[in-house]
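Asker: One structure, pasted below without further comment.
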């Protein structure tokens with residue numbers, strides 16, 4: 001898990017049930033609890049966001065209805081689901097040209113299956129909401145429930161009740177039903193149950209309810225919730241040689257799609273490490289010694305996600321309580337109890353190291369009834385297991401290979417896992433009873449649908465056009481020996497190397513000269529500069545040798561240590577703006593691979609200096625394509641970096657790039673408004689005219705942020721365009737690009753379940769009726785399942801046909817110059833990602849504006 005997905009998962013597990021000791025007012029650390037107290041009864045997401053259709057309920061009514069699920073256990077509700085906010089965003093109805101149809105026509109038809117199952121309900125199914133009154137009033141919620149459900153014969157077995165609002169799958173005989181109950185001490189209580197709302201199956205509250213119900217089903221199947229997803233601890237994959245365990249599981253969501261309410265279910269894996277946090281701390285202390293241990297421990301542990309197996313909950317480590325040990329006490333009810341005794345009495349666990357310090361996890365969610373959070377959770381390292389992988393583990397080829405053997409599923413394996421889930425749902429009696437009482441069921445097969453495979457593109461290079469194998473989506477062989485569109489001659493460039501790498505530096509230089517000729521690149525011999533293998537020496541060598549007229553700097557690094565790489569990029573991107581290429585010596589140390597590596601390096605160097613490699617046919621004239629992405633920089637005070645890349649020419653081979661650091665709380669588009677104006681001025685300078693059509697691909701939009709893009713970012717983009725002249729009104733399209741999705745598609749090719757071919761478009765069945773959206777499978781993968789990309793056109797006054805929008809989007813996936821093949825997203829999105837990542841990871845400052853016209857970040 002990376003990026004935004006990781007950010008979403010950090011923090012206490014979304015589905016944690018109350019664990020003793022119970023909820024109390026906020027406490028100081030002296031009285032902090034060893035495990036989280038009762039989580040908040042958070043509000044239903046998606047409330048009031050959907051614009052009411054004619055006859056639909058008001059926002060006020062939605063708020064009232066939503067309150068009815070407040071007391072369903074938060075574990076069942078699955079935590080705060082931001083994707084429900086997005087389901088209330090209606091954009092298609094504002095675009096006249098796609099109101100009737102948003103489907104394309106190009107390409108050849110292909111039969112597909114998708115990881116979706118239809119939710120079926122009995123005819124005329126509805127969810128009925130009732131308000132419940134007690135006379136005399138009853139304070140205890142538990143007592144109110146007990147008194148009400150003395151009348152199960154009248155109400156039925158299926159019900160959800162929060163103490164005031166009742167939901168039933170069946171309509172009671174009368175709009176107002178009066179019931180009489182009796183407390184244990186003989187007090188008579190009159191209960192009035194009044195019908196207040198009848199909710200259709202596709203209402204937002206019903207959709208929320210289906211998801212709650214499905215989480216209940218997963219628990220009946222003995223699956224454990226960790227974070228937002230459910231995993232099976234009874235069927236783990238153990239990798240003992242690396243001390244790792246994998247729990248298989250599923251990520252699920254139920255939403256309204258084009259013509260059906262469907263469950264989307266995809267395979268998920270939770271990687272657990274066999275070592276506890278205490279084991280890790282012991283090992284770290286041995287490595288760094290007592291004096292450096294506190295600092296090193298804080299650096300290594302804070303921010304990590306851990307799992308406590310005694311309750312299968314995940315927590316984010318926010319701090320370390322160096323003055324707390326298991327012998328400290330906290331208040332449980334009216335008595336003081338030590339952490340040590342608490343774990344013994346509550347879980348039967350013995351703490352072996354009484355001197356271990358405690359971990360702190362802040363509970364940010366509000367307490368019941370909107371009260372402040374219940375205070376930090378204090379965790380015992382001995383019972384906390386590390387999750388996920390360290391950077392060192394990710395860099396270990398053997399670990400990643402062994403992990404992939406369990407987690408990188410083929411299309412056949414992935415479909416098989418999902419089919420097994422369907423089978424388990426249909427075979428389990430308890431699950432069927434739960435569904436039947438609510439009048440619901442799931443279709444017992446995956447959804448079948450039709451897609452289209454777009455025609456493959458012809459690659460234009462050196463005055464020629466050629467085709468490539470559409471199944472591999474790669475043209476590295478086809479472009480060999482062909483001159484590039486435009487080449488920058490290398491007359492003044494430097495190569496830095498250490499004494500140990502002198503031989504590989506010479507080999508690289510000779511091979512670069514050999515491969516550059518056929519491409520059309522004129523390359524003079526580089527000035528060779530030796531530096532000592534120290535960061536200060538490297539920086540000094542750069543400062544002394546890189547001049548204003550230097551065209552390119554190549555640095556051969558002895559290892560992939562980040563500090564040396566960062567040093568090079570900071571100096572050459574900020575202080576002394578010069579295109580640069582870093583190469584790790586190991587990459588060029590194998591003679592048999594040197595020609596291939598040198599070819600890729602030569603291509604990158606040419607791009608970074610302003611050269612153009614290849615193109616595809618773009619029929620639209622006076623078109624500017626813009627890509628926007630962002631990155632969260634933890635080193636720069638948790639500021640976000642916004643990157644914008646805009647095309648300057650017809651062939652989409654020249655780009656203007658700008659990166660800005662946002663202030664905390666500032667919207668990305670506020671920071672990038674000036675960048676868009678700069679791009680338009682650069683386009684005007686390059687073409688002697690402004691673009692008549694602008695298409696913005698906005699990547700990096702997380703769940704729940706769609707409304708902000710529509711309400712705030714689109715008007716800001718339009719305002720920014722207006723600064724070029726009040727009479728300047730280009731046609732504008734804004735497309736939200738989403739990679740982190742759980743939708744998967746399977747084709748049957750030569751009788752086998754396989755990935756859909758590159759260029760597969762899906763724009764029916766699994767798209768959303770309120771959006772102008774589509775999926776494209778653009779790239780090919782050699783192993784595992786290919787992941788589609790979701791495109792949601794949130795604003796479009798261009799009148800461009802859906803077919804043209806889809807084909808243009810696919811064409812742009814061919815234009816990323818760091819890969820001789822098709823990539824998963826349009827090139828400007830990938831460029832923006834690379835730029836934001838470079839600034840967030842290495843530079844931490846805005847790059848020098850002299851580099852704006854170059855792809856220096858490739």
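The backbone N, Cα and C atoms fix where each Cβ goes, glycine too.
What Swiss-Prot records for this protein is below:
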{"type": "ACT_SITE", "residues": "629", "note": "active site"}
{"type": "ACT_SITE", "residues": "667", "note": "active site"}
{"type": "ACT_SITE", "residues": "699", "note": "active site"}
{"type": "ACT_SITE", "residues": "833", "note": "active site"}
{"type": "DOMAIN", "residues": "276-388", "note": "domain 'PAZ'"}
{"type": "REGION", "residues": "1-56", "note": "region 'Disordered'"}
{"type": "SITE", "residues": "378", "note": "site 'Required for binding 2'-O-methylated 3'-end of piRNAs'"}
Asker: Out of 629, 667, 699, which of the active-site residues has the smallest number of neighbouring Cβ atoms within 10 Å?
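Answerer: Result for the active-site residues 629, 667, 699: minimum number of other Cβ atoms within 10 Å at 667.
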Asker: Which state, by DSSP, holds residue 667 (active site): helix, strand or coil?
Answerer: coil
Asker: I'd like to know which of the recorded positions 378, 629, 667 sit within 10 A of residue 699 (active site) at the Cα level.
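Answerer: Near residue 699 (active site) by Cα: 629.
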Asker: Out of 629, 667, 833, the active-site residues in the record, which is closest to residue 378 (site 'Required for binding 2'-O-methylated 3'-end of piRNAs') when you go by Cα distance?
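Answerer: Checked the active-site residues 629, 667, 833; minimum Cα distance to residue 378 (site 'Required for binding 2'-O-methylated 3'-end of piRNAs') goes to 667.
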Asker: Please spell out the DSSP helix, strand and coil residue counts for the domain 'PAZ' (276-388).
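Answerer: Taking each residue of the domain 'PAZ' (276-388) in turn, the totals are 40 helix, 31 strand, 42 coil.
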Asker: Whole-number Å only: compute the distance from the Cα of residue 629 (active site) to the Cα of residue 667 (active site).
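Answerer: The Cα atom of residue 629 (active site) is 12 Å away from the Cα atom of residue 667 (active site).
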Asker: Fill in the CA-CA distance, residue 667 (active site) to residue 833 (active site), as an integer in Å.
Answerer: 17
Asker: For residue 833 (active site), which residues in the same chain are close in space, meaning a Cβ under 8 Å from its Cβ, but six or more apart along the sequence?
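Answerer: 629, 631, 643, 699, 700, 825 - these are the non-local Cβ neighbours of residue 833 (active site), listed in sequence order.
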Asker: Calculate the per-residue pLDDT averaged over the domain 'PAZ' (276-388) and state the result as an integer.
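Answerer: The answer is 87, the mean pLDDT of the model over that range.
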